[in-house]
Amino acid sequence: MNPLSMTIFFTSLTVGTIVTMSSNHWLTAWIGLEINTLALLPLMTKTPHPRAIEAATKYFLTQAAASALMLFLCLINALQAGEWDINIPTNLVTNLLPIAIMMKLGLAPLHFWLPEVLQGVSLSTGLILSTWQKVPPMVLLFQISHNINLDLLVILSLASILVGGWGGIGQTQLRKIMAFSSIGHLGWIILVLKFSPQLSLFSFVLYIIMTTAMFLSLITLSSTKMSQVATSWTKNPMLTTTTMLILLSLAGLPPLTGFLPKLLITLELIKQNMVIFASLAMLMSLLALFFYLRLTYIITLTIPPNTHSSLTSWRTSTKPYLASSVVNVMALMLLPLAPTIIFM
């Protein structure tokens with residue numbers, strides 16, 4: 001794609017995100033979300049493949065439906081409250097507007113578009129879709145967190161954790177696995193949103209770090225399927241090892257970074273006398289743990305039949321080695337720094 005076009009689209013993504021994050025008005029927040037959505041569509045179709053066009057069409061239709069619902073509810077909310085301020089609590093803000101925002105995020109049961117869209121785009125666009133595009137809707141959820149119905153949050157979060165684990169079990173495509181991983185992690189994040197928005201924000205930042213590390217590793221290894229990542233050991237043993245550890249971090253195993261949000265969220269739920277929901281969330285996470293461990297086993301503990309005999313791989317393009325190494329370290333080793341991070 002033309003560098004000038006890429007600059008324009010990434011600038012539009014940045015502007016849309018900043019507009020939504022800095023707005024205290026429903027209409028400007030909606031405009032920022034729309035700028036974000038429209039800026040991503042050309043990036044999704046930069047490779048004119050039928051699957052990419054299909055993914056972009058599905059993404060546009062889903063986001064347009066969520067935006068139309070959100071704008072309609074914002075108009076009714078403005079009629080009821082007499083103003084467009086985000087922090088005015090009404091029945092619509094409590095019950096229906098979060099559903100429209102969660103549809104944009106891809107939370108269950110409104111998640112069906114996310115695995116299909118992520119499967120149809122490139123890994124670099126999938127990275128933007130799984131991290132950057134989650135920021136504006138999550139900021140809106142943080143702003144209205146004190147007004148959202150608690151029962152709605154608990155039901156949707158537990159459903160997302162269940163779907164995120166169950167949907168990824170039979171997958172062999174890594175992008176679909178990362179889509180279901182995203183659904184499960186966002187379920188954990190919104191589970192504690194009502195009680196501790198700061199903890200939800202902290203967990204969301206760690207989710208972005210771990211997901212970015214995983215996508216950058218896959219981009220560096222040029223792997224989109226299990227069969228491709230299984231043969232990556234002879235090409236880049238060190239990166240393959242860290243990829244395995246990132247998968248275990250995404251699964252939430254100690255002493256890796258991914259254990260930290262699950263531990264803190266579970267402790268917060270127990271402190272709020274929600275032991276049953278904390279137990280259900282941990283049991284549902286075992287489903288996700290299964291496919292993470294299966295992928296880890298395939299990467300490191302199996303020997304592929306078509307092992308490369310050469311010690312060096314053929315490199316024809318630049319890879320994000322520096323960015324991947326920095327983010328990989330963050331995705332693996334932030335747990336010992338947890339007291340300092342929480343104190344800050």
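Each Cβ is built from the backbone N, Cα and C atoms, and glycine gets one as well.
Features reported for this protein in TrEMBL:
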- 23-286: domain 'NADH:quinone oxidoreductase/Mrp antiporter transmembrane' (DOMAIN)
- 56-80: transmembrane segment (TRANSMEM)
- 86-105: transmembrane segment (TRANSMEM)
- 152-170: transmembrane segment (TRANSMEM)
- 177-195: transmembrane segment (TRANSMEM)
- 201-221: transmembrane segment (TRANSMEM)
- 242-264: transmembrane segment (TRANSMEM)
- 276-300: transmembrane segment (TRANSMEM)
- 289-342: domain 'NADH dehydrogenase subunit 2 C-terminal' (DOMAIN)
- 321-343: transmembrane segment (TRANSMEM)
> Do the transmembrane segment (321-343) and the transmembrane segment (201-221) share at least 3 Cβ pairs closer than 8 Å, excluding pairs fewer than 6 residues apart in sequence?
Replying inline: yes
> Do the transmembrane segment (276-300) and the transmembrane segment (152-170) come together with 3 or more C-beta pairs under 8 Å, pairs six or more apart in sequence?
Replying inline: yes
> Are the transmembrane segment (56-80) and the transmembrane segment (177-195) near each other by the rule of at least 3 C-beta pairs under 8 angstroms (pairs 6 or more apart)?
Replying inline: no
> Taking residues 6+ outside the transmembrane segment (86-105), which of them lie with a CB under 8 Å of any CB in it?
Replying inline: 23-26, 29, 33, 62-63, 65-67, 69-70, 73-74, 76-77, 80, 134, 137-138, 140-141, 143-144, 146-149, 152-153, 156, 186, 190
> Would the transmembrane segment (201-221) count as touching the transmembrane segment (152-170), if touching means at least three Cβ pairs under 8 Å and pairs must be 6 or more apart in sequence?
Replying inline: no
>> Within the same chain, where does the transmembrane segment (56-80) have neighbours whose Cβ lies under 8 angstroms from its own Cβ atoms, ignoring anything closer than 6 residues to its ends? I mean 6 or more beyond.
In response: 26-27, 30, 33-34, 37, 40-41, 44-45, 88, 90, 92-93, 96-97, 99-101, 103-104, 113, 116-117, 120-121, 129
>> Can you give me the average pLDDT across the domain 'NADH dehydrogenase subunit 2 C-terminal' (289-342), rounded to a whole number?
In response: 72
